[in-house]
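Working notes, structure below.
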Amino acid sequence: MESAKVLFLDRDGTINRDIGRYVSSREEFILIDRADEAIAIAREAGFRIVLITNQAGIARGIVTPQDVEDVNDYLNELLAERQTSFDRCYYCPAHPNYPHPEYDRFIDHRKPSPRMVEQAIADLREEGFEVDRSASFFIGDKLIDVECGQRAGLKTILVRTGHNEESLCEQHQIFPDHVADDLYQAVTGYILGQPTSRD
């Protein structure tokens, strides 16, 4: 079994701009500056890359599973331009306030539950990779991302893009290992310890 370090990433507000509603099409998907570069750098440094995202707009009838998958496919197309991609993508379609007969069985996968992370770890194990949690990270813009990562035994980074819930984390006494301005700084400045100059 090969040891693997993994970068688990939230999507909206971390990789792409939070537009104030569910992203339902490629046209609404706008990369945050240098997010794709950050993912490529992490891949070059030996990280497996896994997407973990809540998409409750599905249960609410605002977006469809196909919409979410199309947007994720588009993201992978953008990453392919940098010769990188996600190893796996997971999303939770459920929401406790919007019961849906098709999606309610996934409610316990919703972040901050670590179920999607644990599923990814199990799937990678089936492929011959044993995830080293002590060398793996969860990066997101919300309190639930930090909590999810911590519950899965990962190091956590909160980014100030998107919702920027730094003060909310403090209120709930849930502290990430690091706070970064954006995904690029999180990867290069903290995980890899490289200079973060944008020149």
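Glycine residues also receive a Cβ, built from the backbone N, Cα and C atoms like all the rest.
The structure displayed is predicted, hence computed values, not measured ones.
These come from Swiss-Prot:
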- Asp10, Asp12, Asp141, Lys142: Mg(2+) binding site (BINDING)
- 10-12, 18-22, 53-56, 110-111, Lys142: substrate binding site (BINDING)
- Asp10: active site, nucleophile (ACT_SITE)
- Asp12: active site, proton donor (ACT_SITE)
- Thr53: site 'Stabilizes the phosphoryl group' (SITE)
- Arg110: site 'Contributes to substrate recognition' (SITE)
- Lys111: site 'Stabilizes the phosphoryl group' (SITE)
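Taking the mean position of the Cβ atoms of Asp10, Asp12, Asp141, Lys142 as the Mg(2+) site, the remaining residues of that chain whose Cβ falls within 8 Å of it are Arg11, Gly13, Thr14, Asp18, Thr53, Gly140, Asp145, Val159, Gly162, His163. Taking the Cβ of Asp10 (Mg(2+) binding site) as reference, residues of its chain lying under 8 Å away and at least six apart in sequence are, in sequence order, Ile52, Thr53, Lys111, Phe138, Ile139, Gly140, Asp141, Lys142, Asp145.
Neighbour count (other Cβ atoms within 10 Å of the Cβ, all protein chains): 24 for Lys111 (site 'Stabilizes the phosphoryl group'). Note on the binding-site residues Arg21, Arg110, Lys142: the fewest other CB atoms within 10 A surround the CB of Arg21. Comparing the binding-site residues Asp12, Asp141 on other C-beta atoms within 10 angstroms of each C-beta gives the minimum for Asp12. Across the structure, Arg110 (substrate binding site) and Asp12 (Mg(2+) binding site) are spaced 15 Å apart at their Cα atoms. Neighbour density around each Cβ, counted as other Cβ atoms within 10 Å, peaks among the binding-site residues Thr53, Gln55 at Gln55. Taking the Cβ of Ile19 (substrate binding site) as reference, residues of its chain lying under 8 Å away and at least six apart in sequence are, in sequence order, Glu28, Ile30.
Thr53 (substrate binding site) falls within a strand segment according to DSSP. Between the CA atoms of Gln55 (substrate binding site) and Asp12 (Mg(2+) binding site) there is a gap of 10 Å, rounded to the nearest whole number.
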